[in-house]
Amino acid sequence: MLKVVVESAKGIPKKTLGIPDPIAGVIFKGEKKKTKAIDKELNPVWNEIIEFDLKGTPLDSSSFIDVVVKDYETIGKDKFIGSAKISLKELAAGQTRSLPSKNIPLINEKKQEIGATISLTIGYEPPASTVPNPNDQNMGDGHSTRVGEEEKGVDSDEDAGDVVEPGAPGVSPSGQPKKMVRTTRKRQRTLANKPQDFQIRIRIIEGRQLPGNNIKPVVKVSVCGQTHRTRIRRGNNPFFDEVFWLLMCPSVSASSSLYTVPVICGVSLTGHAIMRKWLLLSDPDDSASGARGYLKVSMFIVGTGDEPPVEKREANEEQDDIESNLLLPAGVALRWATLSLKIYRAEDMPQMDDAFAQTVKNIFGGTDEKKNLVDPFLEVSFAGKKVCTKIVEKNANPEWNQLIHLDRLSRNDVIGTTNLNLTKIASSGGEIEGRGTSDASLGLDTTESGVGFLPAFGPCYINLYGSPREFTGLPDPYEDLNYGKGEGVAYRGRVLIELSTQLDEKTDKKVEDIPNDDILVAQKYQRRRKYSLCAVFHSACMLQEPGEPIQFEVSIGNYGNKLDSTCKPLASTTQFSCAVFDGNQYYYLPWADSKPVVILTSFWEDISHRMDAVNIILYISDRLQSNIVSLKTALLAKVSDSRLAEIWLKLITQLIDDLSSYQLPNLEGKPNLTALDIQIKNLRDKTLASVKEAAIRMREEAVDVRATMPDIEDWLERLQQITEEPQNSMPDVIIWMLRGEKRVAYARIPANQVLYSTHSEQAIGKYCGRMQSIFMQYPMDKNKGLKIPVQLRVNMWMGLSAHEKNFNSFAEGTFSVYAEMYENQAQVFGKWGTTGLVGRHKFSDVTGKIKLKQERFMPPRSWEWEGDWLIDPERCLLTEADAGHSEFTDEVYQNETRFPGGEWKPAAEPFTDVNGEKAQKPQEIECPPGWIWEDDWNFDINRAVDEKGWEYGVTIPPDDKPRSWVAAEKMYHIHRRKRLVRPRRKISDTPTTEKKDIGDGWEYSSLIGWKFHRKERSSDTFRRRRWRRKMAPAERVGASAIFNLEGALGIDEDEKGSKKDTTKLFGANTPTVFCRFDKSFIYHLRVYVYQAKNLLPMDKDSFSDPYAHVSFLHVSKTTEIVKSSLNPTWDQTLIFDDIEIYGDPQSIAHNPPSVVLEVYDNDQVGKDEPMGRCTCPPVVKLNPATQLTPKLLWYPITMKGRNAGEMLVAAELLLKDKANDVNLPLVPPRRSENLYMVPQGIRPVVQLTAVEILTWGLRNMKAYQLAAVSSPSLIVECGGQTVQTAIIKNIKKNPNFPGSLLFLKVLLPKDEIYTPPIVLKVIDHRPFGRKPVVGQCTINSLEEFRCNPYIMAMMASAPRDVVIDMGDRMPSPSKQEEDTVDWWSKFYASINEHEKCGPYLQKGYDTLTVFNTELEAVPEFRGLTDFCTTFKLQRGKIEDEEEDPSVVGEFKGSFRVYPLSDDPNVSDPPRQFRELPESCPQECLVRIHIIRCLDLQPKDNNGMCDPYIKIALGKKIIDDRDHYKPNTLNPEFGRVFELSGYIPQDKDLKISIYDYDLLSADEKVGETVIDLENRLLSRFRSHCGIPKSYCVSGVNQWRDQLKPSQILQNLARLRGTPAPQIADDGSFLSFGGREYRLDELEANKTIHPHLGPPKERICLHVLRRQGLVPEHVETRTLYSTYQPTLSQGKVQMWVEIFPKSLGIPGPLCDITPRKPKKYSLLFLTTAKLLMCDWWMPGMEEDKQKTDVHYRSLDGDGNFNWRFVFGFDYLPAEQMCMVSRKEHFWNLDKTEFRIPPKLIIQIWDNDKFSLDDYLGTVELDMLHLIPPAKTPEKCSLSMLNQTGKNLTPTSLFSQKSVRGWWPCAMEEDGKKILAGKVEMTLEVVEEKEAEERPAGKGRDEPNMNPKLDLPNRPDTSFLWFTNPCKTMKFIIWRRYKWLFIGLIILILVLLFVGILLYSLPNYISMKIVKPF
């Protein structure tokens, strides 16, 4: 039953005259029902129920109803108003019983909305017998994951969605699935963040049940602008089997004929594949038409490194049940959702327009309204749709109050951009279950898990970030940040929004106003509370250059922004400070004991319940992450199992304790609570409980620590996911570094990290009241952090002002608050005064631009003055040029002038600085105390000067000095200058005396600027001094009193009223706050820099010259430079004495400053290049006597955000006792005067180790500097030791090294974690003694090369002496070998396609092994590198971080690493590399067997390829172009090639597949390269596979050069074991300590006549057990140079290598592809037709027709007609092979494999018009519908019978069949019986057809059987020649009963007429009775 409740309509448009009387009608499947009419109403309310009886038929997914609203007319037809179509797909899917459809827009006849809407509710009661919807099988309820199995996607090849039977494993008796324990989880591969190549492969297999008569379907596939079409087929069940390869694009759709199916790309799939699924086709223009047939497809997406899945064709696929294999979306059906976004208001919008228009308005008399120069509106986009709010002009805090609906900013300036990620504000519930697979989030029943929720948000503010707020008329260089591209560097405002989601509702309005009630509800979410923020800056170091003075600004939102006038002025900036050189590399700010403090008060919503939860989860996840790092380090260091278990148990126990102890805050009674808060709280609780439960279970059940790592990392990932808080309305804290007034660098700190909480200790922010190191960054830094602007060490605290007193417990030091101003004077005519101050005031701020007066200063509220104004010089700005330097050079420029051509005379200012400003005379410059002169004054000759040091120039007015200087004097030069220099050196640190005598406090400068000094010089023209006045809180409440400092202290009123920049005035003079430390502590730092590895090559020679700058706070030092190394070992201790640090040592111990190591590449020319940076926390020892030794650990080096190597380093920080240094550790041993080594106890423990090196040879060396590498040698470096090979005299003749073995004794660390790498350098010996490095390789891990030297060493791979016995060779195979068995039978038997292999297995023949990968990738063969490994040699520097280093050659060799005894009396172990094969080149015969290719990349426009094989070995090339396979992607080649070559010169066998083109150049499809040398040398004997049996004839004849007995003897010698003992009769064999008997080995095997002698057979059986490579076929992936990471197809093949020195190899193997058998199909038709067409699919051009049975009056036709079809058939594959040209212009015939079918059509022949189609029947020859014996039993039901009721017969097995079949045609969407055909079908083979010939039709030879002319009835005639026959057969036969009826009627009428005529006379006669 379907019930439709027609509720109401709104907005019915008025008529031209009057108001309409609306009436609603509902139409369902042609049945129409109406409501009553409502008189004169524009918003009618019906509330009527309309019911439709479904009569037991369930709804299908294409069902819909039409709703039509009309204007009721009493007279005439009702007038149409609008209509709507509503799909019932969701009701049909069974997901809901009721479908509310609210506010559905009505549309007119032109499909345009009319503005009216209608509301309905549709209910559905499915019939009791309804089959469950197929979607249910994909639901989580019926789907359980088995333990240990990989979780499958619902659309993978396996039926993962089958409904589980009750009682089955994993299902409770009630039928509900149990929760299964998942012990393993498949982790997804991390996706790369750079563009990659992807492929989409789509295979169109076949169509079924396509509607229509005599159709010609074609499938069109469209992907992102690329369109491909299949070939045109005929019939309603076409077979295509075509593959299309396309580039990766976002959406796919496939259409067949006129019907389309959108393929749902959101389906989550394992393997990114849809394998052989049916798609439901529908008509896009008529969604009501229902299913339009089915299309079977396979689709998969292949990315970098992906292996394409293999399609498996099922044997019974012809009887495939479409419904059970239909592609459906995973999880629930799609439902219509409306996202409603309420936008209330915004605030803090920055200025976006200039004031030009406002200024013009003021000039013309307009009122000066202080309007904000911004016109904001909000643009919202979702799923490709954009909606905008109204524009509120000139308002920085606009209120929109608009509601925006989304179903499914002129060149406006963008203020800011933010994203609401739906995955963060909605949940499916899948996160709780572990997200094990990609479809878990969709496959769970959210009602059961109870944590899924729809998108929701707010009401809550969302913050915008972007470029700095300061407005300029110039283009903004950081504008991209406003679009969300990159991290925003400044707060740009915030917007108050609310998001809600309604299911099954539709609205036509995009934007509407928010109701007032909702606005009032949102008011409570805008309540503000006061927050206080304090930041103490402890240090600022690692500055790159000094430059102008530096200031730091801290802001949160607009609060604290010194250039913004919208908030109160706050003490949010530090004082300006000048940087000081640290004596080595960097600069720092000398804050000493007075640390600058910034104070902020701000007002935000109280969202502590959100922040507390985030901080608690962060606390748990941080502890877990720290423990994971410890566990991984232990695994890497290979600690003992007991220690490892202890660390693991600590991790698990601590995690369980944390999850049990720390509860998330309860939300009851919390302010600003939203619906999303409750949902996220629920989600977090369930996630924490799930992780805890899994941890408890793991603690009880786990047995292997390493196996648990993926799950533990998964827990961490899940915890980190729920730490994200979408409703974080509190802006980030932003710190800016300013140089002067310019913003230089920034840092963003999330507010929750520094937020104080009263909930619990764990809810306090990670860095609240704790020291943190911050690396600031440049805005939009293109170098991605290559250089650090500054490293800050800051202590921040933020909390509600109600909690301010809690700040006292976090505060260190004493806070001092001052008001300050500067007194300025200038020197005029030798006197100091105020008259010469240009642009300055007598009293001003530090910038000198704002006028101040002492009497105008007023302390803030609750503060009072403490003392009077005092002179207090600013030491941070008094930076001498030599500060921090140990060596310095004083300079003075001597200047002279002249008239052109005159004498040189001293200039007006004879001595100046480099800028031409007045300077002291050289004689007046004194040497400062603590310094000594190193030389007298001399002129500088290291410049472009003449021999006396002069440089010359010309003045060009208005300049008063030259802009450029030259070294040669000319007549026109009128200026010259000479640079005088005098070096001095620091000998001692002089104690500072400034505190004792500050004098009058003046600071001097030669010009108005920032460079001041203490002592007055003759060149000084400006001076100033600082006045300060201390303030104290009126009520002493501790350190928290500083939070009351709000507002400016005082500005001159005249200045305030002036027209100056208000932003500069407003926040100019705020109090300055300092944190003073009474006591400093002296520390001693030691940094142990041991080594680095895997550094990036920065020089052209493939190496770098690395050194490291080591920085710690305000000190830095540099290591020595290691030349030409990417793995430098510095072994250096850097000692930093007497580091002064202020603050509590305990806090330093808990949170020490990090040691920063920056690695640089030393360049002789140009600047040193940075190579990356790493940080290392030091071990802090407050008591140096503590026995705590730092441990060297590897720290990652990062450069531009990516890994750039690792550094092995440790550091310790020791608190020094000022009294003595006795407790300090011993000074490490020195390598030179100032170079200390890493001391014992810290440096790794080493052991004497032997490194044996097998240097086999070099391969494929590329040219260096345009010259070929001709005479190379190899240098091996390890642990500081070096050894070099002999020189290869001529690499072309023999690329192997003359002496293959090298030996190194080296001290290597015992711990593998410390082991240095092995570095290989190839140098080329060139003329004139040049030895450039032409390639290098670094081998990082030596673990795989470690061995036990006392276990028998591996020996040669090829024996020296070979016995070749050719006498026992058997004769060639017998010619009587049966034809039924060939090599392909063996192949198909091996891949389990038994239907294709014939009687092969029954004969007892053996199979081969088919590897689905390359032989090198088979794990048990170890990559065939057991003898020697191939190492890639690289060269060149890294130019770009994205590109990989270029490979310039290969080194073949291997290593053996084992420990040696320290006792010299103990003899060395035996060498590992012994009895090596000959290193001279060997001539070999190489056989390449190419079987077939699979899924090749199409290269032609038709989506096909014409592949052929090209083989290259050395310089020999075989081009098999003549044997190309036309138009195929899966060619069967069956080709064998033989080549001769010398190994190792010709070691690389390259097999390429090309696409044949007639006119253009052939394209390469792909290639694969095989290293033949590895195969020849491997001990797995991979050069010729070992068969399962020793056959001397037949298909499996022995092909190896050696017999099994000889191979076994060589193997024994190779392994150093005794030779095998074999009985004479071959019945017994003893080898390797085991005994074998032939009768036992061949107990269950068939002994066939092809087998060889028993002796060889038993040897072969033993060989098969030795792990050697078996007889095989390998599947190699083809790659292209254009897409080197993507598969271009696969080739199945094998290679055999036969050294010619071993004799003649065995016979060739015949792998020629099978040829199809020729068959003839004969069938006779006898009766019941008019005219017939007959053909087989794929052979439409061979269509045959009967003759015409003319003028059949009864519809019966007699023919006696024979059809003869010749066709090629592959019995093994049950397919017809059709070869034909697709177009007449094609050169080649295309081969198709098509199922054998027969199509018969009936036609009515017309002479003068087109023939009329009457019907068709389609017969599958493999599954033939059994015919009816008589025409009466022949009906349409025969076509609908499936294989379940009848067993279809194969015509090929039955050979002949006779009977009646029905013909059908389609009429009004239904099939009707169009006729019956009687046929005899017979299939005969070619030979039989020749013996029993038969002609077509009734042509000669008319035999087998002989056909007579049909006995056609007399009804066949022409009407105008036989009128009597016409009357008889046409008129009489058709209308005889009409004629008979008319005659009877006439007789009756005559009788009645006569009766009536005679009756009166008769009556009268009767009355009269005359007689």
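Cβ from N, Cα, C; glycine included.
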Ask   = From 1050-1071, 1358-1379, 1886-1907, which range did TrEMBL mark with region 'Disordered'?
value = 1886-1907
Task = Restricting to the domain 'C2' (318-464), report the mean pLDDT as a whole number.
result = 64
Task = Pull the DSSP breakdown for the domain 'C2' (1-101) and write it out as helix, strand, coil residue counts.
result = 5 helix, 49 strand, 47 coil
Message = Within the domain 'C2' (1231-1355), count helix residues (DSSP H, G, I), strand residues (E, B) and coil residues, in that order.
response = 9 helix, 56 strand, 60 coil
Secondary structure tally of the region 'Disordered' (1886-1907) (DSSP, helix then strand then coil) = 6 helix, 0 strand, 16 coil
Request  = On the DSSP side of things, how many residues of the domain 'C2' (1067-1195) fall into helix, strand and coil, could you say?
outcome  = 6 helix, 65 strand, 58 coil
